[in-house]
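Summarising the annotation, Swiss-Prot assigns active site, nucleophile to CYS2 and lists sequence analysis as the type of evidence. Look at Swiss-Prot and you will find 2-219 tagged as domain 'Glutamine amidotransferase type-2', backed by sequence analysis. Residues annotated as domain 'SIS 1' in Swiss-Prot: 280-426. If you look up Swiss-Prot, you'll see 458-599 marked as domain 'SIS 2'. Annotation source Swiss-Prot lists active site, for Fru-6P isomerization activity at LYS604, citing sequence analysis.
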Amino acid sequence: MCGIFGYLGSKLAIPVVLDGLAKLEYRGYDSAGLASIHLGDLFVRKTIGRVDELRHSLEQENIQSLLAIGHTRWATHGVPTVSNAHPHVDENRTCAVVHNGIIENFKELKSFLLSEGVSFSSDTDSEVIAQLFAYRYQTTADLIHSFSWTLSQLQGSFSCGLIHKDHPDVLLCAAQESPLILGLGEGENFIASDSRAFLKHTQSIQALASGELAIVGLGHEVETYNFALKRISKPVRQVTYTDAGSDKQGYSYYMLKEIYEQPEVLERLVHKYLDPQGHISEKFLQGFPLEDFDEISIVACGSSYHAGFLAKYIIESLVSIPVHVEVASEFRYRRAYIGQKTLAILISQSGETADTLAALKEFRRRQVSCVLGICNVEESALATGVDHCLFLEAGIEIGVASTKAFTAQLLLLILLGLKLTISKHTLSLTEHCACGKGLLELPELCNRLLANENLHSWAHTYCNEDRFIFLGRRLMYPICMEAALKLKEIAYVEANCYPAGEMKHGPIALISKGSPVITFCGDSTVYEKMVGCIMEVKARQAHVIAVASEAQEDIAAVSDFQIYVPNSHSLASPILYTIVGQIMAYTMALKKGNEIDCPRNLAKSVTVE
């Protein structure tokens, strides 16, 4: 939930680290800080708030150092204060540590160190790493062995970087079930929680696996070991992506830019996997034995869970095999049924979601024959840990509230359903191609939808409301769930979502005069049922915002505000209605004056449980 960046090379380190931290800010923005070595002593600067605050605080400093580590924080232990911000130092200010993750046994370690007379200055678990390392180093005076010993004492998931004032040409780092990427440049090296933070400097990377540490030296190769200091040979990989898209390109916010990038992302995927006749390409899951499976288990968190929930509806309707969708944080604590012919699917935009990776471990423990991943990052733990991975190819997504990555997930899952119809022989060729052609129309339909000014005007009417109810049926229900989540994430309003047919079973008690109810009516098979539900809430004097297709103009007779979506194939409609929900949340948050890209209390990549 935090961002780590480190640099050792031939340039002044602090400007490089500040730029790297700015690219990691989506991972946390409660506080920021960095540490360097200046005139033989540690230099540490920490601030509350965004990386720009840290940058501003350093404007009058002149630190001539080639080594620095930095951190941008999302608080897990200790409130956001300067003392709790990273880097953390030992009591004698000999070493500095940046840390992402949770040290589960920090209380025991802290109690031990306190009994040894060590003084602490923060409430965090992270400070234990610095204090424990310094305690060991006082005895051994051996940098590497002290680091290895310290790591052996820690329990939990973590990645960290460490520098010592007596070793200005060494940067130590380690990973345990938490991402850390090494960037290998010409006469310079980097560490970062996300490789995109250093891609403008180098595209040569190594990803630390769990239980590995690295010794980054000045002007020579990076040495990698396991925690017991057994040397590991790791290949250097050249990444194919760049940091293109990491600026706003004229848009006011990253989220808005990423909403408007969706037609391009969808076009890239449909033309990669569908031919002009709508037939799915052999390149999609080529060689993957879909015919071997008779049920599917999907595990994910947050928006990715909503994508999986839609996949359940679509796959079960297309091929009539059972699909189970699990919240990752709950999956590992229950004995969910997994058969011998179960296909496990894990969805995570970052590929580093802690609970989803824990589910991967559980699938492996239970010897599931095949695990498919869906994510956006090639070097992520999910991508490298599954048997096969479908990549979103959405480009970097910086806005914390997911937009283009989510719709890319939806499209890939819909394509998976379409591919299954071939192996399960449930659609004729004509029916199959009709579905594919409907998906090929998506980029153009998205562009038409985004040109609809009525999408933006709704917030003028409803910006003072602080509670909304979303209603949907069948394919629209998971999309309503996602729309409600978006409204919570960035507009900070209470937004509850229910299957429309459940209103009479309790939620209708929440309706009073003027209550805003948002209905997604885009599933034609249950349209009349949705109209009936609208009439029920209207009878209780609710104010109904109806989102419906252009062919459903009659919805105006029973609703107070209408947003019309271009007519589309039923498989394409969930993606179009998703974009409506994104714009509704964006315009509401904008009207309220909220922070769009970095909403309060949230982080983009949830790397702790």
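Note: Cβ is positioned from N, Cα and C throughout, glycine not excepted.
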Checklist entry - Could you give the Cα-Cα distance between the residue listed as 'active site, for Fru-6P isomerization activity' and the residue listed as 'active site, nucleophile', in whole Å? => result 10
Next on the checklist: With every protein chain in view, what's the tally of Cβ atoms within 10 Å of the Cβ of LYS604 (active site, for Fru-6P isomerization activity), excluding that atom itself?
Outcome noted: 26
Item to check | Mean per-residue pLDDT computed across the domain 'Glutamine amidotransferase type-2' (2-219) | outcome: 91
Checklist entry - For CYS2 (active site, nucleophile), which DSSP three-state class applies? => result coil
